[in-house]
Ligand SMILES: O=c1[nH]c(=O)c2[nH]c(=O)[nH]c2[nH]1
């Protein structure tokens with residue numbers, strides 16, 4: 001093998017991706033389930049595994065998978081993904097002295113308890129929507145520093161009125177017609193990061209309540225706002241989340257504008273906008289994409 005001494009490893013991380021677990025917790029006659037997809041990556045004194053084929057420094061990706069399964073078996077917090085993620089990173093840093101950083105990304109798949117005969121069923125669940133919760137934990141041995149980002153993905157919403165778009169910049173390239181009443185639909189992706197990097201302060205954060213609160217504020221604002229644009233509605237959501245949750249340092253949204261275009265029936269001598277029924281064409285593509293990160297001008301903590 002040729003050896004190019006000009007080359008060095010700048011950054012390296014490895015581990016197991018797509019570790020899927022379904023964890024069932026039995027509480028008397030009632031059972032709870034949590035389905036997750038987990039990625040665990042490691043960083044540290046591992047460069048020789050790349051540069052010198054030195055496998056002695058490799059904690060195998062198979063061990064990473066086992067670690068996720070074992071921590072899930074022992075943990076009381078699998079459903080609280082930010083806490084579960086920290087339990088994995090803590091274990092890794094305690095167990096392997098040459099590993100300096102552990103990075104966990106978790107997707108929580110949705111299982112909602114079924115209502116049967118008007119009552120919550122003890123052990124049956126339904127996937128009632130594609131939206132997922134996410135959490136990313138970056139844990140560094142140095143200073144025991146942790147960064148946590150939580151997220152909400154693929155929350156598909158639509159309103160049939162209460163949305164306008166006019167007054168926008170126009171030039172010779174503009175063909176969009178201003179509208180005072182349109183369909184507004186988006187698939188919400190939101191991510192929020194936490195202020196504190198000290199472990200003790202993060203322990204007091206109610207991550208699950210914040211997940212629920214962000215979803216509630218997102219949906220309520222989407223429904224109630226007489227939207228002037230996707231941009232303005234997005235910012236309203238951010239303002240409320242930062243006002244309600246001091247532990248959140250910043251919040252970003254990525255909102256595709258899923259266009260629904262009124263069908264032109266003029267050649268059929270039909271006024272599609274008339275009376276109280278209209279037919280729209282849902283457009284697969286292209287879609288607008290409106291994004292923004294918001295934070296506080298001065299941190300409250
Ligand atoms: O809410 C909107 N924001 C835009 O930036 C935009 N651009 C566009 O064509 N339609 C819309 N709607």
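Every residue, even glycine, has its Cβ placed from backbone N, Cα and C.
Sequence annotations record features per position, and here TrEMBL assigns active site, charge relay system to 16 (among others). The Cβ of residue 16 (active site, charge relay system) lies under 8 Å from the Cβ of 39, 40, 61, 62, 64, 65, 68, each on the same chain and at least six residues away in sequence.
Annotated active site, charge relay system per TrEMBL: 61 (among others), in sequence order. According to DSSP, residue 61 (active site, charge relay system) sits within a helical segment. Cβ-based neighbour count (10 Å, all protein chains) for residue 61 (active site, charge relay system) stands at 16.
Taken from TrEMBL, the feature active site, charge relay system covers 259 (among others). Neighbours of residue 259 (active site, charge relay system), defined as other CB atoms within 10 A of its CB across all chains, total 18.
Annotation comment: TrEMBL describes 61, 257 as O2 binding site.
Look at TrEMBL and you will find 61, 62, 165, 182, 230, 231, 257 tagged as urate binding site. Within 10 Å of the Cβ of residue 230 (urate binding site) there are 20 other Cβ atoms, across all protein chains. Under DSSP, residue 230 (urate binding site) is assigned to a helix (H, G or I) in the three-state scheme.
Long-range Cβ contacts of residue 165 (urate binding site) within its own chain (separation 6+, distance under 8 Å): 176, 178, 179, 182, 228, 229. Feature annotation from TrEMBL assigns 5-hydroxyisourate binding site to 61, 62, 165, 182, 230, 231, 257.
Under the DSSP three-state reduction, residue 182 (urate binding site) is assigned to coil, being neither helix nor strand. Sequence-distant neighbours of residue 257 (O2 binding site): residues of the same chain at least 6 apart with a C-beta under 8 Å from its C-beta are 184, 185, 186, 230, 287, 288, 289, 290. If you take the Cα of residue 231 (urate binding site) and the Cα of residue 259 (active site, charge relay system), they are about 15 angstrom apart, rounded to a whole number. Of all Cβ atoms in the protein chains displayed, 20 besides its own lie within 10 Å of the Cβ of residue 182 (urate binding site). Taking 61, 62, 182 as the candidate recorded positions, the subset whose CB lies under 6 angstroms from any atom of ligand 1 is empty. The record assigns 61, 62, 165, 182, 230, 231, 257 to the 5-hydroxyisourate binding site, and the maximum Cα to Cα distance across that set is 52 Å.
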